[in-house]
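Student: The domain 'HMA' annotation in TrEMBL covers 67-133, 145-211, 220-286. The transmembrane segment annotation in TrEMBL covers 311-332, 344-365, 386-408, 420-438, 577-596, 616-636, 935-955, 961-984.
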Amino acid sequence: MATSTRALFLSCFHGGGSEVSRHLVLRPRYPSVPRRPKAATVAGERGGGGGGGDLEAAAVVEEDEEKVAVFAVSGMTCAACAGSVEKAVKRLPGIHDAAVDVLSNRAQVVFEPAFVSEDKIRETIQDVGFEAKLIDEEVKEKNILVCRLHIKGMTCTSCASTVESILQVVPGVQRASVALATEEAEIRYDRRIVAVSQLTNAVEETGFEAILITTGDDQSRIDLKVNGTLNKRSILIMKNSIQALPGVEDIKVDTELNKITISYKPDQTGPRDLIEVIESVASGDLTVTIYPEADGRQQHRHEEIKRYKHSFLWSLVFTIPVFLTSMVFMYIPGLKDGLEKKVFNMMSIGELLRWILSTPVQFVIGRKFYTGAYKAVSHGSSNMDVLIALGTNSAYFYSVYSILRAAISHNYMATDFFETSSMLISFILLGKYLEILAKGKTSEAIAKLMDLAPETATMLIYDHEGNVMGEKEIDSRLIQKNDVIKVVPGGKVASDGFVIWGQSHVNESMITGESRPVAKRKGDTVIGGTMNENGVLHVRATFVGSESALAQIVRLVESAQMAKAPVQKFADQISRVFVPLVIIISLLTWLAWLLAGSFHGYPNSWIPSSMDSFQLALQFGISVMVVACPCALGLATPTAVMVATGVGALQGVLIKGGQALESAQKVDCIVFDKTGTLTIGKPVVVNTRLLKNMVLREFYDYVAAAEVNSEHPLAKAILEHAKKFHSGENYIWPEARGFISVTGHGVKAEVSDKYVMVGTKSFMLSSGIAIPVEALEIVTEEEEKARTAIVVAKDQEVVGIISVSDPIKPNAREVISYLKSMKVESIMVTGDNWGTANAISKEVGIENIVAEAKPEQKAEMVKELQLAGRTVAMVGDGINDSPALVSADVGLAIGAGTDVAIEAADIVLMKSNLEDVITAIDLSRKTFFRIRMNYVWALGYNIIGIPIAAGVLFPSTRLRLPPWVAGAAMAASSVSVVCWSLLLRYYKSPKLVR
């Protein structure tokens, strides 16, 4: 029921044709995966504004034999109304599931149209006594998937924009996002209209190589490596045997790689079953393992680093001699004479050597720049490769022209720039190598998260009677649902699951950020990747592979790193015109210097002895072309966002992309929910006052015996407190006879021949028990502190007062105080009464409060603050907070809160620690300081570098920028931007003053 409510609530917040200023974006969810019926997927993105208004959304989507319909139901006032509607609908034939939410007045029904129609469902709701209207927006999109591609060959923002624009126009693609920093594309597509192969083909038609990372529906797909010889007969037998297994959906065999790709339903089979079947049909001739390419992206990254390193080293082999013959040996007597010796007419040995040595650098080692430039130009765009190709070709081919002219002339002295082209390519390759190394470090956080999972696990083997027969060490990737895993002290939990035997303490800090080990016993859940401290645990696996909490966190961080911050649009706009503009400036520079030399002439001191005016102008033009760097602009934002989201995840703050980061750094007002946000969220005993001489443990034995049969939250709080007086975990309380519970007032029972009553002051008075003045004073005092005073009577005499309260979270006051020092105003909004709200606000130091607020009123208050020009963050944990979380500029959900709140938020505080609110805002501010500095450097570099390269300072200072120096500076600019972003890896969250 809780899952259905979650799915309904999400679907009801997705807007359709109405003018809704806020949309909820479906994102990967933490900590568990959606259960059926799955949450709806949204077409739109979160905008800015409110989340209110009539959401005239909804849906009827037919897929196979199943449909989902959403109805607007009016007239419901309470949970009982929702229950009656749900019960009536579920009685109809063909209903798979139904969920009704009274807060949003929506009903979502999963049904088979062959048995029941939408009209019949609507009529049934109306028969119960409520108005129902079918809504017409699609909410269930099983066919809408999100795939990820690794794209090789992108060099700058222009490349990424080209690929993105091509993907956007492919029929069936709803949204495409290409990230230069990660060299990945995330594509949301309809698999009924377009196939993944068509998407990869579209990318490759732009001239880039596309490698599939995930299709979006491969959560139950595995790649197996077969060690042995595969022939047609063995493949056929193998396919038939695998296909006979329950839950196997698809099989693909790659004989070249000896690779088998199998899609399956994890509830029915698993990787271990598949391997056993393949090995059994092969009669020992084949062995099967999981394909070693566990992380294709890392492998591609290593290959790219290796390729650039080899290219750079090979370029040095040729470039160093070119450099020496042109700039060093010419000043060494003897060597100079040898190099200047003529071969053909005026062509010297040195010129011929430089031509021979620079040609492999230009056309073999530098061919990637030619292919990149050709691909860009053929699609009507331009990128960094175009600038490099133009610059190096200008230098190379002019040099070829010059020495060939000298070879056929008896008086022409050649001037070559072979060192310019070869050194330029070498420096650019070095820069790209360093840049890729640095970019690889931006995703270290994801690598650290993935490394948390242990490589092996100990699986217990049971007989038919449920007795443990033995144990077996297996690859942790082979764990299947319902396997029982043994976790020894000091070992890592290999899979999400629950404890079926044993007790221990588990360190979950690597996942949740909680520093203290958490006690675990039978029935408690554990998270894969966490560390077992002291006891042995037997854990039954529930979520494995990509369904695990760890995989969900990694997926969320990856998705966040793909999401572009709005400030990135600035760089995208510049990149569209940057390269063409630089080419124009370069040509104008060359013409200006050429014309100036032709018409007015240069003073002799201006021109180096080895150059004429044409050569000087050419050098200026080439320098302009190669000094300009669009890459630094393109990397300024995504590298910082990548590092920040990774660092945040390691510190327990899950940030869902650049939009959230950019909004968070502007926050000047935070709206806090009270229960579960500022307070712990569950009642605990905070004080006990005895009015008679008796031992405190004896007092609580009587109270606990009377309360043990009660389901009230206050009773459970008293029981938990009473257990502290006994060492045993399963202490048996004295028997209570004649137990009576009076709803909302208290309980009474006979315990050890004593008549015990526990309840409110009015409960005692109505039962004829006189309350002494001292007790009344205590009750009044506790109620003024926003505590619940529970009176305890024994044999018609009041013996004590128990104070129960939902205590303030540790450091809540310090957090509010620190936020004030950050110039962030704190406001508390709660549905609780004014008395409690005032008491809590005084305790934490919040001045502005709103009490007795309904969920929609919380959202309205957020909108009012936004209309007043404030940038508002909302911190909450419950379903009733989700409208405000969506309406706020930044929604921060407490990790221990509901799934709906987590789904609705932009940032998830996994530790449920209020200090992380400060961390989220402080990290976002520091990130955008880095981004702004990146832009200052990238733009400043181009604004200063281009005029210097064009020779602005040359007339007055004789300072000119040789092309190879300009190329080195261009390469350094990208590396410096990435390294500046990488400094965020050392971010430390602010420490509160206690």
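Cβ from N, Cα, C; glycine included.
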Student: Which sequence-distant residues neighbour the transmembrane segment (961-984)? Criterion: at least 6 residues beyond either end, Cβ under 8 Å.
Tutor: 388, 391, 395, 417, 419-420, 423-425, 427-428, 430-432, 434-435, 438-439, 441-442, 619, 622-624, 626-629, 631-632, 635-636, 639-640, 642-644, 647, 926-927, 930, 933-934, 937-938, 941, 945, 948-949
Student: So if I exclude everything within five residues of the ends of the transmembrane segment (344-365), which remaining residues of that chain have a CB under 8 angstroms from its CBs? That is, six or more out.
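Tutor: Result: 311, 314-315, 318-319, 321-322, 325-326, 329-330, 338, 392-393, 396, 399-400, 403-404, 406-414, 416, 418-419, 421-422, 425-426, 429.
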Student: Could you break down the residues of the domain 'HMA' (145-211) into DSSP helix, strand and coil, giving a count for each?
Tutor: 22 helix, 25 strand, 20 coil
Student: How do the residues of the domain 'HMA' (67-133) split into helix, strand and coil according to DSSP?
Tutor: 23 helix, 24 strand, 20 coil
